[in-house]
Amino acid sequence: MKHKLFEPYTIKNITLKNRIVMSPMCMYSSDNQDGYAQPFHLTHYESRAAGQVGLIITEATAVLPEGRISHEDLGIWSDEHIEGLQKINEGIHRHGAKAGIQLAHAGRKANLRDEIFAPSAEAFSASMKVPTEMTKEDIQRTVEAFREGAGRSKKAGFDVIELHGAHGYLINQFLSPLTNKRDDEYGGTRENRYRFLRETIEAVKQEWDGPLFVRISGEEYHEDGNTMDDFIFFAREMKSQGVDLIDVSSGGVVPAAIDPYPGYQVTFAEQIKQGADIDTGAVGLITSGNQAEEILQNERADLIFLARALLRNPYWPKEAADELGYPLEGPRQYTRGW
Ligand SMILES: Cc1cc2nc3c(=O)[nH]c(=O)nc-3n(C[C@H](O)[C@H](O)[C@H](O)COP(=O)(O)O)c2cc1C
């Protein structure tokens with residue numbers, strides 16, 4: 001039997017040894033509230049690389065201090081952050097895995113002491129702060145911060161950049177009519193709502209010619225939100241700008257009850273893949289090798305992103321390989337137990 005989960009995947013100059021991706025997960029562990037990587041981060045990411053994950057995408061990393069989700073987020077808003085991120089990458093690369101970074105700005109979902117910013121001055125919920133509506137200068141400054149973040153990511157040795165355009169964070173707040181109430185060229189039509197992401201991608205590309213992913217929420221769980229037709233429009237725009245892969249998640253734009261089930265977001269990845277003819281990543285309650293193989297072999301997505309399954313078991317790739325009867329090589333030191 002073919003084992004697509006363990007087939008290499010090449011994008012631009014990078015070849016992943018398999019299709020298993022560690023999905024970005026905030027660890028809220030920058031304990032000194034300064035955005036620096038801590039010993040915990042080194043162990044956390046290197047152990048998943050030892051577990052034979054093909055691509056490890058580190059957690060949402062803030063391009064500006066006011067773009068953090070919490071005070072304990074990782075940051076990349078200064079050159080001083082590069083060294084810690086470089087150490088994470090060395091650990092990941094030691095095991096033949098590739099390293100990605102998720103560049104992020106939380107917008108109105110920043111849970112911080114200081115002023116927060118968003119496309120429009122509306123809070124996410126009654127318990128969250130009301131953000132300040134971004135001026136054109138704020139927008140420019142933020143786009144520039146993504147550009148600088150991309151330059152620092154390159155210096156830190158990352159192989160892939162993923163822009164966080166999902167879960168109701170800043171980029172998503174511009175894209176969605178539920179959160180973008182602007183009447184200037186950044187709001188209104190979907191072309192205008194896309195403008196912030198367009199400028200961000202253009203800025204990132206000034207510094208970065210490697211693989212570029214964008215994570216989006218492919219369903220907003222609200223009747224007035226973006227539709228699949230809108231997401232396919234955004235995906236085509238991203239493709240024409242040179243984005244290599246869309247990592248398709250869902251939700252988080254407005255408070256909404258979601259009742260998840262195995263693979264509940266795969267259909268969004270599949271529709272975007274077919275509608276925009278672009279590679280996609282599937283994520284969300286994917287827990288077994290057989291489930292991953294079904295998604296890949298039916299060409300519903302190109303990469304499999306796993307979050308909680310990898311928190312439970314850093315050796316998930318070994319578990320999936322055993323399930324699929326694939327002879328996965330492990331770290332030399334672990335041969336006797338493999
Ligand atoms: C602890 C934790 C932190 C997360 N942080 C992020 C994040 O930083 N960026 C992001 O895009 N998604 C984040 N997510 C969402 C996951 O990447 C993933 O999309 C989601 O958990 C569904 O996948 P799963 O069913 O395999 O866990 C987080 C999820 C968890 C459990």
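Every residue gets a Cβ built from N, Cα and C, even glycine.
Noted in TrEMBL for the protein shown:
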- 4-323: domain 'NADH:flavin oxidoreductase/NADH oxidase N-terminal' (DOMAIN)
- S23, P24, M25, C26, A60, Q102, R215, A307, R308: FMN binding site (BINDING)
- Y28, H164, G165, A166, H167: substrate binding site (BINDING)
In sequence order, those binding-site residues of M25, Y28, A60, R308 whose CB lies under 6 Å from ligand 1: M25, A60, R308
Inter-residue C-alpha distance, Y28 (substrate binding site) and A60 (FMN binding site) (nearest angstrom): 10
Surrounding CB atoms that lie within 10 Å of the CB of R308 (FMN binding site), all protein chains: 13
Listed binding-site residues S23, M25, A60, R215, R308, filtered to Cα within 10 Å of H164 (substrate binding site): A60, R215
Residue pair A166 (substrate binding site), R215 (FMN binding site) - Cα distance, angstrom, rounded: 6
Rounded inter-Cα distance in Å - R215 (FMN binding site), G165 (substrate binding site): 5
Averaged pLDDT, computed only over the residues in the domain 'NADH:flavin oxidoreductase/NADH oxidase N-terminal' (4-323): 98
